[in-house]
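Peer 1: Input: one structure, supplied below.
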Amino acid sequence: MSLDEDARWLEWVTKQFESIAGEDKEIDLEEFKTALKVKESFFAERFFALFDSDGSKTISLDELLEALDLLIHGSETDKLRFLFQVYDVDGMCLAYEIKHLHFFDICIVSPLGRSGSIDPDELRTVLKSCLRESAISLPEEKLDDLTLALFESADKDNSGSITFEELKAELENFPEVMENLTISAANWLKPPGLEQKKGRHTPRYLTPAYWHNNSRKLLFLCAYTCLNLLLFITAMLKNAEGGFWYMVAKGCGQCLNFNCTFVMVLMLRRCLTWLRATWVVRVLPLDQNILLHQMVGYAIVTFSTVHTTAHFMNFVHLSQNSSYSLWEHLFTTRPGIGWVQGSASLTGMVLQIMICLMVVCSSTFVRRSGHFEVFYWSHLSYVWVWALLVVHCANFWKWFVVPGVIFLLEKLVGVAVSHMGGLYIVEVNLLPSKVTHLVIKRPQFFHFKPGDYVYINIPDIAKYEWHPFTISSAPEQPDTLWLHIRSMGQWTNRLYEYFRQPDSQVVSTKRLSASLKDRRHQRRAQLSENHRFCNVKCFVDGPYGTPTRQIFASEHAVLIGAGIGITPFASILQSIIYRMRKQNCPNCSYSWCENIKDSEMKLRKVDFIWINRDQKSFEWFVSLLTKLEMDQADEEPEGRFLEMHMYMTSALSKNDMKAIGLQMALDLLAKKEKRDSITGLRTRTQPGRPEWGKVFQKVAEEKKGKVHVFYCGAPALAKLIKAQCEHFGFNFYKENF
C-alpha cells in the first residue's frame, strides 16, 4: 500500500476506535474484533495480545496507534518479527490466555519467546491446521511428507529444530512470499469491507479498446436501431390521418412485425452453426446470438407496451366520438377492429400478457434459481404468440412466412436426427460436487466439432423436456459421446438422484457385449459404487456450434474454464491429443509429436486455465490432464505447446499468514516429487484466484501470435476477464446457450 493509503487506513482505525471505546477510552478483546471487523478470532487475539503492552487486557488508542505506526514505518525485520510473534503462541501465553490455536506455531528468539525454535511435531500441527483452513484434504502420509520437506529445508544446521533466523532465511528462498510479508501491516489487518479509493478512470465503454474489440456487435446494434427507427417513422407517416396515438400504435406495430420475426431468426441454431464456418462470422456477431435474442426480447416488450398504451389512448378518443364505449373497444369484437372478425383488441390483450410472462419467466433469477422448468415451459408459448400475431395483424404473415418455414424445417430435422438410430446411455459416473458423467453410444451419422453442444432428452427423467449440454469428448473418439452435467436445477438433480438408485432399480448391469474386454471393464466398474454400466434410452438433438469452433484457427489460444465450465475445453484438449500424436522410434528411445495435417490447425500455443472452488472438482478430468502432461513430459517448459494453470479458490493465497507455511511446504514437496500434492499433476495448483493482469501480461510477452481468449463459466467472472482482454487487445469469446 502507498503512504496515502496507510494514512487513510490509520484515520479509519482511529474513527473505528473512538466509535467503539467507552468513556474510559479503552477497548477489550470483543470490542477490538468489532472495531477491525476481524472474523478469525485467533488473529484478533494475537494482535490484541501484542498491542496490549501493559497486560491490562484492554487497549488504549495510544497503544494501538503506537504499535501500528511501528509496523507501517518499521524495517523489514520489524515487520517479520511481528509476524512471528503473532504465531509465537507459547511466547505470549504468559501475557494472555489463548483459547484457539489454529495456525503456524512459531517460537522465536524474542523478549517474549521461551523455546526460540520449533520442532517437527509443532510444524506438523501447524500444517494440519493450515490444510483445514484451505479446505485441502490430504492423507496423513502426505502431511508427514510436507512436514519433512519444509523442516529439512529450513533446518540448515541439522539441529532438529528451526530458529527464527533459519526460518527467515528459508522465507528468502520464496521471493513472492517475502514480497507479501514485507508490505505494510495495513494489508494484514485491513477488513474486507474497507475499499481503497481509486483515481478516476475513463469508463470502460468509452475506451478505444472496447470499441475495437466489440466493433461487430456495436455496428450490428447500430444497424438494428436504425432499421427500427426507419420502420417506425415510415409507418407513422403512412397513418398520419389517424391522429398522434394511432400513428404511434402503427409505428410500434410495424417494429413488432420485424422484431417478433427477428427474435426467431436469432435462434436458428443449425443455420448459425453453418454460418460459423463461413466468412459471415467475421462480419456478424454470430457468437452473441443469445445476448441479441435477449435484447430483441426486451425490445418486443417495450414496443408492445407502447403499442398497447397508444391503442388504449386512441380508443378513449374514439369512444367519445362513436356509439361504442371504451369497454366495448377493449373487450368485444363489436367495433370490428382487426382483419379476423374484429378480434384485434382481444388478441392484443392476450398477446401483451403472454409476452410479459415470457420475459419475466426468462429472467436470470428464474433460470439460475433452480427453476429452469418455469423458463422452459413458458418459453414454449412462442407457438401461440406467433399464431395470435397472425390473427392480430393482417401483415404479420408476410414477415413471418420465410423465417417461419426455415424454423419449421430446423425443428423437423432436429426431430428426425434425434430419433434416428437407437441412442442409449451405456455408462454413468457420479463425480464429486454432484456432477453426472454420461457416456452415450454414439451413432455413426453423428459428427461434431470440439466444443459443440447438444440437446438431450431422457424420457425416464422427463418425457418432454430437452436440455442443452456441452459435449466433453473429442470428435476423434469413436463409438461414444460424453456429457458432464452439474446438478443445479430440478431436472439435473433428478438425473443425479436417478443414477444413485440401486442397480436393481435403475441400472442394468447386463452388458451390451459379452466380450472379455467388456467383462474386464465391468469388474473394474464394480470397484466403485459411483461408476455404473447401464442401458437407458435417450434422444439427442444437435450438434450445434459455439464460439470455441474458432480455437484451432487461432495462433495463441487461452482457454479459461471455471468449475464445470471446463467441459467444452475437455473436448478441445482431447482433440489436441489426437491431432498431435506422439510417435516413438522402434530402434531407439527417440520420440516426437506428429502434427496431423489440418487446414484449420493454426495453433502455436495453448494456455489452459482451470479455476475450481474445491479440491474434489479437479477429479472430473484429472486423467485427461495427466495424459496431456505425459505427452509433453520430455519438452522444456518454455517450448511446450500446451501450458496448464490450475487454481483453487478455497485455498488461502500466499499473502495470507495462515497459508505461508503450507504453501512453502507444497512448493518444496512439488519440486522434490515433481508432482502436485493436491491434484497429482505435474502442474502446481495455485491458491486463490488468478491475477488476470499478470496472467495476460505474461501471455502478451510470449509473442506467439494473435491472442484469442475463450471462456466458459460464471457471467460475473466473464465481465472481469473481458475487461482485461480489452486492455491487452485480446479477442474474447464467451460460451453461452
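Just so it is clear, glycine is given a Cβ too, placed from its N, Cα and C backbone atoms.
Note that the coordinates shown come from a computational prediction; the quantities given were computed from them, not determined experimentally.
This is the feature table in TrEMBL:
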- 39-74: domain 'EF-hand' (DOMAIN)
- 142-177: domain 'EF-hand' (DOMAIN)
- 418-550: domain 'FAD-binding FR-type' (DOMAIN)
- 218-237: transmembrane segment (TRANSMEM)
- 243-268: transmembrane segment (TRANSMEM)
- 295-316: transmembrane segment (TRANSMEM)
- 336-361: transmembrane segment (TRANSMEM)
- 382-400: transmembrane segment (TRANSMEM)
- 412-432: transmembrane segment (TRANSMEM)
- 557-578: transmembrane segment (TRANSMEM)
Peer 1: Please list the DSSP helix, strand and coil residue counts for the domain 'EF-hand' (142-177).
Peer 2: 24 helix, 2 strand, 10 coil
Peer 1: For the transmembrane segment (243-268), which recorded stretch in the set 218-237, 295-316, 336-361, 382-400 gives the largest number of Cβ pairs separated by under 8 Å?
Peer 2: 295-316
Peer 1: Considering every residue in the domain 'FAD-binding FR-type' (418-550), what is the mean pLDDT value?
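Peer 2: So the average pLDDT across the domain 'FAD-binding FR-type' (418-550) works out to 76.
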